[in-house]
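J.: For CYS55, CYS60, HIS135, HIS140, the entry in TrEMBL reads Zn(2+) binding site.
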Amino acid sequence: LFLTQPYAAATLVNGSLRKVVAAPRYVDVNEWLAVNTFDFFHYTNLFHGAVAESCTPRDCPVMNAGSSVDYTWTDSQRRSVKIPAPQYVDYVMTWIQNTLEDENVFPTKGGAEFPRDFQNAIRLIFKQLFRVFAHIYHSHFDKILHVSAEGHLNTLFAHFISFSREFDLIDKKELAPMADFIAELEALGRI
């Protein structure tokens, strides 16, 4: 459904979002990554909240991005387990929130340095946020249409993908479930 017109072309911004994702000249790259990660987390969480009533263990017994891609959660014993999508998203959002609040990862005190592996932490967050986007598009886009929010979601996703590409945050293989839509956004000049 999200690949069909006019839905695929619905956005709030004309033109490419690539121009707005580059770090400003005098801004530390890690600061730029941090503030944008915080924003993407909150906006993605809002969109999932908009479809949460229809994302139930009965309707979404496995976290997926369409019929061919299932996502697993790594439990405390380091085992990959299939869990219902709402539980997976709850775990993801809780983990990201805890990471964002961790001063050792996202320092907020003046003079505090970002950790050496900060960009790896950002990559893990972006990977999980992408999975939430992919699930929303593949399983709940009809609910997004019902509230006429497709332009908002598409704009956020185009911004997210543009930012991810600018800083090499998501592996190309991970993007496969949304590759056709990403190609459509490219063809439309959005990313």
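Every residue gets a Cβ built from N, Cα and C, even glycine.
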J.: Counting across all protein chains present, how many other Cβ atoms fall within 10 Å of the Cβ of HIS140 (Zn(2+) binding site)?
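T.: The Cβ of HIS140 (Zn(2+) binding site) has 24 Cβ neighbours within 10 Å.
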J.: Write out, in the order they occur in the sequence, the residues of the chain not among CYS55, CYS60, HIS135, HIS140 that have a C-beta within 8 Å of the mean position of the C-beta atoms of the recorded Zn(2+) site.
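T.: Nearby residues not in the site list: HIS48, VAL51, SER54, ASP59, ALA85, PRO86, VAL89, ILE136, SER139.
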